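Over in TrEMBL, the protein carries these features:
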type	residues	note
TRANSMEM	196-221	transmembrane segment
DOMAIN	196-452	domain 'G-protein coupled receptors family 3 profile'
TRANSMEM	233-254	transmembrane segment
TRANSMEM	266-290	transmembrane segment
TRANSMEM	302-328	transmembrane segment
TRANSMEM	354-378	transmembrane segment
TRANSMEM	390-410	transmembrane segment
TRANSMEM	422-445	transmembrane segment
């Protein structure tokens, strides 16, 4: 081949100079360079002409040289076997031809490239690539190229291979199952379609209808001794307020709106204040009535309905003032809770000011404790129609429910907070209704002989 190269180059010299002819011996050629800088000037001319040399060998391979004298890139891809006997064996499985500008790589697909020792190509890396949905984590004590793949956390995603870190989804989105994308989070709130919301709303309606029926009974039997004994007007007012207590829970169910959030706590506070203050007024009426019968008592002028009505109005006005200041300074508003549940956006009403909310709860609790104390002191008065015992039990249940409500409410999140408050309202109101009015209805319908004026006073037992 060297002779053919020399003969092809000589064809470019019309008058060769004998002083600069090639030496008889074949020159030594370095890899990638045809001649060195120490060659005579004629060889420099030869180097300049080398890029124009092109011919084919007997095997059909193209022979040419680049501008800097480098031969064309043409490589065979061989698979080597290192046999147990110490011998080596090679098989051609492809080639690379760099004669074209972009180069061509040929691999024989029918050849067993990786057998017999491997079923697939061997990776020249320490760890497998991390798929989308995972991130790389460094392995302590291992080289920097070695890592482990860690699944992205909830609310994070990665959509590329070998991600260095996971990206957080927006607060209104969550990561999908594969952690390689973000999807919108579902909206959740205590609705009428839910089993819990439907159950609570049904109980509320049933209890409010029960209150309305008992109110009708008291109006029908308003002239009987058992209805007149403890101020029938306060009894009717208490029944109306209890009916509103049951119905106000419907404001807590459904998609929260600005109007519903404003009226939820305010309505609850006002109607419960009326209910508890009515019980306090009924208890004070019993105490004043029994003590006014003593000779020389100055309490005779307070006997009647006027003091009771004034007490209810004053107690209710205090709650109305607290609610008005609450609404004027920091009113409740609808809020989207994105932190309690990673899969849902929970819609609820933010109280605005937790201080005012617990002021309302504390004020109602104070009235309940006063009513409980007064009823407990009057429970042994010798009157068949004395309902102080009933009020004592009702206030005991009321205080127990709302005492358990505070820690349960503070430890709940999302729609469960709403359900806890609704349950407290329904259970405490049902306790008042059952302890105070069910015994009276029992006497009216099942023991009418007790609903008479003869005798209405019992002697103290010694």
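Backbone N, Cα and C atoms are what each Cβ position is placed from, and that goes for glycine too.
What TrEMBL says about a protein is an automatic prediction, not a curated fact.
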Interface check, the transmembrane segment (390-410) with the transmembrane segment (266-290), three or more C-beta pairs under 8 A: yes
Distal contacts, the transmembrane segment (266-290) - CB-CB under 8 A, six or more residues away: 230-231, 234-235, 237-238, 241-242, 244-245, 248, 251, 299, 302-303, 307-309, 311-312, 315-316, 318-320, 322-323, 326-327, 360, 363-364, 367-368, 370-371, 374-375, 377-378, 381, 383, 386-388, 391, 394-395, 398, 425, 429, 432, 436
Confidence summary for the domain 'G-protein coupled receptors family 3 profile' (196-452), mean pLDDT rounded: 86
